[in-house]
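*Asks:* I'd like to ask some things about the structure below.
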Amino acid sequence: MKKYVCVVCGYIYDPAEGDPDNGVNPGTSFEDIPDDWVCPLCGVGKDQFEPSEE
């Protein structure tokens, strides 16, 4: 699964880790995160994330 990076603050969403503090279980692909999820560091929406080149 591909990682995604926040273009505002640089936070990297790693599907292997998820975002359990905000209700996203490990193993959840970026596409399957709810549309109302926001970056846990800066609060922007999913539309401010791009696929990581890593």
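Note that Cβ sites are derived from N, Cα and C of the backbone, with glycine treated the same way.
Take a look at what Swiss-Prot says about it:
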BINDING   Cys6, Cys9, Cys39, Cys42  Fe cation binding site
DOMAIN    1-54  domain 'Rubredoxin-like'
*Asks:* Which state, by DSSP, holds Cys42 (Fe cation binding site): helix, strand or coil?
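*Replies:* Where Cys42 (Fe cation binding site) sits, the three-state DSSP reduction gives coil.
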*Asks:* As a test of the contact definition, list every same-chain residue at least 6 positions from Cys6 (Fe cation binding site) whose Cβ is closer than 8 Å to its Cβ.
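*Replies:* In sequence order, the residues whose Cβ lies under 8 Å from that of Cys6 (Fe cation binding site) (at least 6 apart) are Ile12, Tyr13, Cys39, Leu41, Cys42, Val44, Gln48, Phe49.
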*Asks:* In the domain 'Rubredoxin-like' (1-54), how many residues does DSSP put in helix, strand and coil?
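*Replies:* Once the DSSP states are binned, the domain 'Rubredoxin-like' (1-54) shows 9 helix, 12 strand, 33 coil.
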*Asks:* Quiz question: given the binding-site residues Cys9, Cys39, Cys42, which has the greatest number of C-beta atoms lying within 10 angstroms of its own C-beta?
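*Replies:* Answer by Cβ density within 10 Å: Cys39.
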*Asks:* Taking only the residues in the domain 'Rubredoxin-like' (1-54), give me the average pLDDT of this model.
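*Replies:* Mean model confidence (pLDDT) across the domain 'Rubredoxin-like' (1-54) is 97.
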